[in-house]
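Visitor: Below are the C-alpha cells for one structure; questions will follow.
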Amino acid sequence: MGEAIGAKSIDLEWVQVHPTGLVKPDDADAKIKFLAAEALRGVGGIILNAEGKRFCNELGRRDYVTGEMWKSKPPFRLCLNKAASDEIIWHCKHYTGRGVMKFYSSGEDLAKDMGVALEVIEQTHEQHYQAAKKTETDPDGGSWPAYPSGKSWDEPSGMTGSGKKFYHNIIPGSAVKSEPFYVAIITPVIHYCMGGLLIDTDSACIGSNNLAIPGLYAAGEVAGGVHGNNRLGGNSLLDCVVFGRVAGKAAAKYMLGADMKDVDLREVTGGGLTGAVESSKLAGGSYEDKMNSAAVPAAAAAAPAAGGGGGGGISLADVAKHNSKADCWVVVDGQVLDVTSFLSEHPGGELAILTFAGKDATEEFNMIHPPDVIGKYAPDSVIGMIGGGGGGGAVAGGAPAAGGAPGIPMTEVAKHNSKTDCWVVVDGQVLDVTSFLSEHPGGELAILTFAGKDATEEFNMIHPPDVIGKYAPDSVIGNVGSGVAAPVAGGAAKAGGAPARKDKGGALSNHQAWGHLDGDTHPNWRTDIDDNPGVFILNIKSYFNATWFLVLAMLYEVGATIFSAKNIKISNDRLGLTRSAILLVLFIVIHAVGNLHVFKGPDDFNGYGYFYVRLYWTGFGLPANIVEEYILLSVLLHVFVGLKRTWDMKLALVNSQGINVLNLAITGLMLLTFMTIHLFQFRFGDTDQFGPYYIRPPPYLINFWGILSLNLFWTDASYVEPVGVRDIYALEFQIFKNPLWSFFYIFSVGVFMIHACLGWKKVTPVLGIPRGHIARVEILGYAIMIIMGLVYISFPLYVMATKPFSGYEDSIQIPGRVE
C-alpha cells in the first residue's frame with residue numbers, strides 16, 4: 001500500500017532467522033513454532049548438538065548462532081541448569097506446560113534421553129566452566145578470537161572466530177550428574193522481516209524523489225532500514241515504540257502545526273501511566289511478575305473452602321475425573337471451569353488446555369493471562385469452587401452465588417448521584433468517588449454520567465483491570481448485594497462477589513481471530529476465500545464467487561449513490577466519488593448494450609431511443625426521464641468530488657510523487673470535455689434535418705413477442721399506429737462518416753478505458769468485498785472496462801465500413817428520407 005502511494009522500500013531481501021525456535025517433540029514438523037526468549041541463553045543456557053557438545057557462542061548474534069547450527073549436527077538442545085532456570089523460571093514453566101521444554105531431575109536422565117554418555121556432557125560443562133574461570137583471572141589471555149573483541153579461553157566458540165567472554169550460572173562437570181535441568185529442543189525459524197518502507201528521522205516515508213511524502217509515516221515492522229540486515233534481540237522496541245512515538249509526534253505536528261503541544265503521560269493520567277516497566281532483579285522479570293496480583297484474593301477466598309467440615313464445593317478428586325476432550329474441567333484460582341465447549345474456540349489451541357485437563361492450572365494460567373480473562377471470554381464456564389466436596393457448599397446448578405449475598409443494594413447506590421455525593425458500581429464493587437472527581441484525569445463529567453449507576457461495561461472498555469486498586473483503593477466501600485444475607489442452596493453461606501461479566505472482548509480482535517462477529521450477517525472471512533482450484537488450472541469457482549460479490553456491491557453502491565452520500569455540501573469524502581463511479585460504470589455498460597442496436601438498423605436503434613422518450617413522465621416535468629436525471633446528478637457528484645479531492649489532496653503530492661498522482665484528474669477532465677461534446681452531438685443533436693423516422697412502438701414499452709429475434713423496441717403489428725421519432729441512426733452515420741470525429745471518439749474511448757481501470761483499482765478495496773476476492777474482482781473489472789471500450793470503438797468503425805440501412809418499415813417512411 002505504501003509503495004502504491006509512491007513510497008520507496010529498503011532491505012526487503014533481508015529476513016532474519018532466529019536460532020531458538022522451540023520444537024514440540026510430538027509435532028516436530030509444525031510450520032509455526034514457539035520462539036524461545038533470548039533470555040534463556042542470557043541467564044546461562046548452553047546449546048548442545050546431537051553429540052552432547054557445544055559448538056558456538058550462545059551469546060552471539062542471531063545470524064551467527066543460526067549459521068553455526070547449520071554447520072553442526074541436529075537435534076540441538078538448549079540446556080538450563082538449576083541456577084539459570086531459577087532466574088527465568090516463569091519462562092521455563094510456561095514452555096514446559098506447553099510441551100516444548102522438558103524438566104530432567106538430573107544430568108544423568110538428560111544423557112539417557114539424548115542417547116550420549118554422561119561423561120560427554122560432564123566434559124562439555126567442565127570445559128565451559130574452566131574457560132569461565134580462566135576468563136575471571138586473565139580476561140585477555142585466551143588463545144581464540146573473542147566476540148566482539150579481545151581473546152577468549154572458550155575453544156568451541158573460539159574455533160568459530162566468535163569466542164565467548166561472558167559466562168552466567170556455570171557449573172563444573174562434576175555437578176552435572178545430579179544437577180536438574182530444563183531442556184528444549186531448538187531449531188532455526190524465520191522470525192523478522194528487516195526490510196520495509198524507507199523512513200527518515202521523523203519516521204516519514206521517503207518517495208521516489210528521495211524526499212519525505214507529506215503526511216505519510218511508518219513505524220514498527222512495516223518500516224525498513226532501522227536495524228540494518230540483522231536486528232539485535234530486544235531492539236524491536238526501537239521501531240515499534242521509539243519510532244512509534246516519533247511518528248505520532250511528527251503526524252500530530254503535520255496536522256496541527258503550531259497548535260501541537262507536548263504532553264506528559266504522567267500528568268495526563270494523574271501520575272499513573274508512565275510507560276515505564278517494572279524491572280526485576282532476575283532476568284526476564286517485568287510488569288508480568290505482578291500482573292495477576294488481583295487474582296490472589298480470589299484464590300485466598302477459595303482456600304477456606306477446603307477446610308474443616310468439607311467446606312462444600314467440588315473436590316480435586318472429582319475434577320480429576322474430567323480429563324478428556326469430550327469432558328474437560330480445569331481449576332484456576334480456586335474456580336472449577338468446565339471448558340469442554342470452549343476448547344475449539346481457544347485462540348491458543350485445544351492442546352494448551354488439554355495439558356491441564358482434570359488438574360489445577362492456576363500457576364500456568366496466571367503466567368500468561370490477565371486476571372479478568374475468564375470473566376471476559378468464558379464466564380459461563382465457571383461451575384463452582386474447589387472445596388472438600390462434602391459440605392454442600394456449592395450453589396444449586398453449580399454456579400457461585402452472586403446476587404443474594406449481603407451488601408449494598410442498587411436502590412441505595414442510585415440515591416448517590418450528584419457531584420457532592422457520587423457513588424458508582426464497577427465489577428460488583430461500590431465506589432464512593434466524590435472526593436476523586438476533581439482528580440480524575442478524564443474530567444468530572446466522565447464519572448458523573450454514571451453517578452448512581454453501574455459503570456462496569458464502559459469502565460472496562462478503557463481501563464486496565466488493576467486501575468482501581470492502584471489509583472483509588474480507598475474509594476471501595478462495599479459490594480453490590482441485596483442488603484439481606486441469603487442462604488446458599490445446601491445451607492452454607494457463600495461470600496458475595498462480583499458476577500462474572502459476559503464481556504466477549506473487542507470486536508476488532510474477535511473479528512480478526514475468529515473471522516466473524518456475533519450478530520453479523522456477513523459470512524466468516526476465514527472460510528470465505530476459495531483456496532481449492534479443483535480440476536481446472538484456473539480457480540473457476542472463485543471467479544463466480546467474486547462476480548457475485550461484485551454484483552452485490554454494485555447494487556448497493558448504485559442505490560446509495562446520491563441519497564446516502566455525504567457530499568451534498570461538496571466535501572472531499574471519498575464515498576461520493578466511489579459510489580457515483582459505480583453507478584456510471586453500470587450506466588455505461590447498459591448504454592453500450594443499448595447502442596448495439598445500431599447494427600440491426602434504424603428501426604431498432606431509433607426505437608431504442610424512443611423507449612427513453614416514453615419514460616419522460618418519470619422526469620418530474622422535465623424533457624428527460626428519471627434515469628437520465630439520476631445519471632446527471634451522479635456525473636455532477638463525481639466531477640465535483642473528484643475536483644475537490646484533487647485540489648485538497650493530490651496537488652500537494654505532485655512535488656513529492658510526481659505528475660502521476662494526477663492521472664485520474666487529467667483523464668477525468670479529458671472525459672468531461674468529450675462527454676460535453678458528445679451530449680451536444682447526440683442528445684441535443686439536430687435530427688430535424690432528416691425528418692421523423694416512423695416506427696410502430698410496442699404497446700407495453702417492450703415488444704415481448706420480439707425477444708427471441710431481439711426486436712425489443714418496435715413491432716410490425718399493423719394495428720399499432722406509426723409514430724415519428726428522432727432519427728438518431730441517421731445522425732450517427734452522419735457524424736461518424738467524418739474520420740476526424742471518429743478518431744476523436746475512438747481516442748476518447750481509449751482515455752475512458754485508462755481512467756476506468758485506474759479508478760477501478762482504487763475503488764475495489766472499499767466496496768466491502770471479502771479480502772480474498774478483491775484481486776479477482778479487480779481482474780473482472782479490468783475485463784469489463786476493456787470489453788466496454790472495444791464495444792464503443794466498434795460503432796464508428798462499423799459506420800465507416802458500411803452504408804446506412806434503410807430499415808424494415810420502408811412502407812411507412814417519408815420518401816427520400818436518407819440520401
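Cβ coordinates come from backbone N, Cα and C, glycine included.
The annotation domain 'Cytochrome b5 heme-binding' is assigned in TrEMBL to 314-387, 405-481. The annotation transmembrane segment is assigned in TrEMBL to 546-565, 577-599, 630-647, 659-680, 740-758, 779-801.
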Visitor: Taking the transmembrane segment (659-680) as the first stretch and the transmembrane segment (577-599) as the second, find out whether 3 or more Cβ pairs fall under 8 Å, excluding pairs closer than 6 in sequence.
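Guide: These two segments do not touch.
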Visitor: What residues elsewhere in the chain lie close to the transmembrane segment (740-758), defined as a C-beta under 8 angstroms and at least 6 residues from its ends?
Guide: 585, 588, 663-664, 667-668, 670-671, 674, 677-678, 681, 781-782, 785-786, 788-789, 792-793, 795-797, 799-800
Visitor: Taking the domain 'Cytochrome b5 heme-binding' (314-387) alone, what is its mean pLDDT?
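Guide: Its mean pLDDT is 84.
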Visitor: Using DSSP, how many residues of the domain 'Cytochrome b5 heme-binding' (314-387) fall into helix, strand and coil, respectively?
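Guide: DSSP classes over the domain 'Cytochrome b5 heme-binding' (314-387) add up to 27 helix, 19 strand, 28 coil.
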